[in-house]
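Feature annotation from TrEMBL assigns active site, phosphoserine intermediate to Ser64. Marked as Mg(2+) binding site by TrEMBL: Ser64, Asp276, Asp278, Asp280. The substrate binding site annotation in TrEMBL covers Glu370, Ala371, Asn372, Arg497, Pro498, Ser499, Gly500, Thr501, Arg506. Look at TrEMBL and you will find 52-98, 104-166 tagged as domain 'Alpha-D-phosphohexomutase alpha/beta/alpha'. The domain 'Phosphoacetylglucosamine mutase AMG1' annotation in TrEMBL covers 178-283, 297-435. Residues or ranges marked as domain 'Alpha-D-phosphohexomutase C-terminal' in TrEMBL: 452-525.
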Amino acid sequence: MDAEALRKYSALHPKPAGLTLQYGTAGFRTKAEQLDHIVFRMGLLAILRSKAVTATIGIMVTASHNPEEDNGVKLVDPLGEMLHPSWEEYATQLANAEERELQKVIMEICQKAAVNLHKDASVFIGRDTRPSSEKLSQSVIDGIQVLGGQYHDYGLVTTPQLHYMVCCQNTQGQYGKATLEGYYEKLSKAFMELIKQSHCSGESQRHLKIDCANGIGALKLSEMKPYFPQEVLIHIYNDGTKEKLNHLCGADFVKVHQKPPGGLDMKPNERCCSFDGDADRIVYYYKDTAGHFHLIDGDKIATLISIFLKELLAKVKQNFKMAVVQTAYANGNSTRYLQETLKVPVHCVKTGVKHLHHKAQEFDVGVYFEANGHGTVLFSKAAETKIRQLVKEEKDDEKREAAMMLENMIDLINQTVGDAVSDMLVIEAILALKGLTVQQWDALYADLPNRLLKVQVADRRVIDTTDAERRALTPPGLQEKIDALVKKYRLSRAFVRPSGTEDVVRIYAEADTQENADALAHEVSLAVFHLAGGKGAPPQPI
């Protein structure tokens, strides 16, 4: 390591005094002007990680659904998965080290993680459309070059596309070609093969309005349009030419506010969907003839996909284990429908994509979605091999046809991470194959009314949880209070959890009516305020 070069470049990307940030599920995320030293140092860390695992690592510059003035950076591990938890700690140490300590911290990481600095290293870089992203990815390149690494800068890509490229590269092309054309070709081919089997006709079935959050999704969908068959009639809104990224639009806005995005004119019963700023989340929605807005979130997406996969798996008559993974935020009626009607096992894990992904890997077919619309399906190596073998060798027509559909699903789904483009194509294919309208999909079950609130506290660490964050261990008496409040309402449940990034406690409640869900959420928020050191005025009724 060239200590002089490290000193020189580090001085060009100085750390602001007193700033401390932590690497979380979303990597680092804050105001763009505070990130220069962080992204430079993540360039350094990516090289160390690459040397440690002898593979290409990805770095994505994005703040996803955050406002345009924010930005962020996260690392992608060799198979397109999230950064390994032990390296999240190294990322935090390196980001917060004082300038004079930088070399020492790098050497400590090398020692702890058995990094051989003489090995080759390579990094793939991607960025979203924020005004700050180009300059920040240049700072990443500075970090990479200081430690003598190779890099390939993909420029503007969706987050899932970068995850995909990294996986392709490290599987020597087995997963696909590590190019945008390779991504478009793989997905569109699988999609076209799937909808060949569809008997549904009618223009309205094929029209889809897509709100791209004024982000990277609009750019990449436009590039992909020539790869789609003529039957796919997608209409892109919020394409970034007029308004700010994520402003009053995008998947997060639609989910949180339970209303359509600005910039998209909805007619009754039209099928619409929204991506988030970096195109790794998707939610669907429509307005009925009475003008009521209906949101179809990650829970209903997981349910639709599970119904389709379960039918195909039954036809191939293999003993595959399938399960759905959710978090505590999943609507109670979705869990009930999956377990009781579909008879699919459901597992609940802590909030955060890495926890869902990890759990889903335990099954032959693991479907996971957060309620916010981030999710995908994982197929085990053994299941994938068997399915591809059945396509080639199965004599029974029905079994072979089901295996072919499963094979195309495997190719259409981006198994590295939630991918709005891939998930959209999966959903559109299933709706076409099953001849379902968006209203019929929505009618599978009715969501229980729910409410999300947050309470400011002096220190979020006073809340400690267990049972996949569904029960509070501390402060004393809080869980007992929540249990007593829940008993007052029908079909109700509530839980509290500390935010991962700020001193607030998040509260979720659901019940048989919206009025009761609101009342329960308010009462729980008061309990948190009084027992967990609330700040400011006590929460007011909704």
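Placed from the backbone N, Cα and C atoms, the Cβ positions cover glycine too.
These numbers come from a predicted model, not from an experiment.
Sequence features annotated in TrEMBL and their locations in the structure.
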residue: Ser64; record: active site, phosphoserine intermediate; contacts (Cβ under 8 Å, 6+ apart): Ala26, Arg29, Gly72, Thr159, Asp276, Gly277, Asp278, Asp280, Arg281
residue: Glu370; record: substrate binding site; contacts (Cβ under 8 Å, 6+ apart): Gly298, Thr327, Tyr329, Thr351, Val353, Leu356
residue: Asn372; record: substrate binding site; contacts (Cβ under 8 Å, 6+ apart): Ala251, Asp252, Lys255, Arg281, Val283, Asp297, Gly298, Tyr329
residue: Pro498; record: substrate binding site; contacts (Cβ under 8 Å, 6+ apart): Arg460, Arg461, Ile463, Thr465, Val504, Val505, Arg506
residue: Gly500; record: substrate binding site; contacts (Cβ under 8 Å, 6+ apart): Gly24, Thr25, Gly352
By a simple count, how many Cβ atoms lie within 10 Å of the Cβ of Asp280 (Mg(2+) binding site), its own Cβ left out?
31
Taking helix as H, G and I and strand as E and B in DSSP, count the residues of the domain 'Alpha-D-phosphohexomutase C-terminal' (452-525) in helix, strand and coil.
24 helix, 26 strand, 24 coil
Could you say which of the binding-site residues Asp276, Asp278 has its Cβ with the most other Cβ atoms inside 10 Å?
Asp276
What is the number of other Cβ atoms found within 10 Å of the Cβ of Arg506 (substrate binding site)?
21
By DSSP, what is the split of the domain 'Phosphoacetylglucosamine mutase AMG1' (297-435) into helix, strand and coil residues?
81 helix, 20 strand, 38 coil
